[in-house]
Amino acid sequence: AVPTETTTTCDGNHVHRLSCDIGVISVQTALYGREDSETCIEGKSLQQISNTECSLLGAVDVLKSRCDGKKVCELSTNIFRPSDPCSDTYKYLQTKYNCFPAIYLVTCEHSVAHLHCDVGQVISVYNADYGRNDHTTCSYERVPSQIQNRDCSNPTSKVAESCSGKNNCTIEASNLVFGDPCVGIYKYLEVAYVCQYPSIV
């Protein structure tokens, strides 16, 4: 069985960071709110931590869409602020995730991604995202304005549509293929996939 990792981040513009040394992130559960009176209590009043039945609906969907299939995923707890489930309670974000054993590929904009499997195996795309989530990936010889937007994400099914079920596959990382989620920003394509033997029906 794949061990489950847990990351907990107290509220207040802190960075919630998930990462996998081997494989890619697969989010299992996510809580934004408060379910106990032990987590993130330093310097807080009893009133701020007494409500232990507070959770934001849909937090797990946000984490899955932003983090599944990536090696590293960072987001601010502030993204949940507009839909605060309990305004008087001091909250935290807690995510449980596994590191799913997949092949992880990054392709800079205008380059071509090559997905391939051993003979007899076919590609099964786990996740794909075209955009920019940090300042460092695909940043060589780029001016700062082209890599400044880190919150540019465009999960896409186009890689799965083009490549799933094939032994090998090429797809260009370009706005023509995926559209442009953030104009003027130099983007990259992240793909996580596994190779498997075709299921015999």
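The backbone N, Cα and C atoms fix where each Cβ goes, and this holds for glycine too.
Residues or ranges marked as disulfide bond in Swiss-Prot (evidence: experimental evidence): CYS10-CYS40 (among others). In the structure as shown, the Cβ atom of CYS40 (disulfide bond) sits within 10 Å of 21 other Cβ atoms. DSSP assigns CYS40 (disulfide bond) to coil, not to a helix or a strand.
DSSP states for the domain 'SUEL-type lectin 1' (18-100), grouped as helix (H, G, I), strand (E, B) and coil, give 20 helix, 29 strand, 34 coil. Summarising the annotation, Swiss-Prot assigns domain 'SUEL-type lectin 1' to 18-100 and lists sequence analysis as the type of evidence.
Residues or ranges marked as disulfide bond in Swiss-Prot (evidence: experimental evidence): CYS20-CYS99 (among others).
Its Cβ taken as reference, CYS54 (disulfide bond) is surrounded by 18 other Cβ atoms within 10 Å in the chains shown. What Swiss-Prot records for CYS54-CYS86 (among others) is disulfide bond.
Sequence-distant contacts of CYS73 (disulfide bond), defined as residues of its own chain at least six apart whose C-beta falls under 8 angstroms from its C-beta, comprise ARG17, LEU18, SER19, ILE25, ARG66, CYS67, ASN133. According to Swiss-Prot, the disulfide bond annotation covers CYS67-CYS73 (among others), on the basis of experimental evidence.
Under the heading domain 'SUEL-type lectin 2', Swiss-Prot lists 107-196, citing sequence analysis as support. Taken through DSSP, the domain 'SUEL-type lectin 2' (107-196) splits into 14 helix, 34 strand, 42 coil.
According to Swiss-Prot, the feature disulfide bond maps to CYS108-CYS138 (among others).
Per Swiss-Prot, the feature disulfide bond maps to CYS117-CYS195 (among others); the stated evidence is experimental evidence. The Cβ neighbour count for CYS195 (disulfide bond), using a 10 Å radius and every protein chain shown, is 16.
Among the features that Swiss-Prot reports, disulfide bond is placed at CYS152-CYS182 (among others), with the record citing experimental evidence. In sequence order, GLY131, ARG132, ASN133, PRO181, CYS182, ILE185, LYS187 make up the list of same-chain residues 6 or more apart from CYS152 (disulfide bond) whose Cβ falls under 8 Å from its Cβ.
Here Swiss-Prot flags CYS163-CYS169 (among others) as disulfide bond, drawing on experimental evidence. Listed in sequence order, HIS114, LEU115, HIS116, ILE123, SER162, CYS163 are the same-chain residues at least 6 apart in sequence whose CB falls under 8 Å from the CB of CYS169 (disulfide bond).
Residues or ranges marked as N-linked glycosylation site in Swiss-Prot (evidence: experimental evidence): ASN168. The Cβ neighbour count for ASN168 (N-linked glycosylation site), using a 10 Å radius over every protein chain in view, is 11.
Within the set of recorded positions CYS20, CYS108, CYS138, ASN168, the entry lying nearest in space to CYS117 (disulfide bond) is ASN168 (CA atoms). Residue pair CYS40 (disulfide bond) / ASN168 (N-linked glycosylation site) shows a Cα separation of 48 Å. Fewest other C-beta atoms within 10 Å: among the disulfide-bonded residues CYS10, CYS67, CYS117, that description fits CYS10. DSSP assigns CYS10 (disulfide bond) to a strand.
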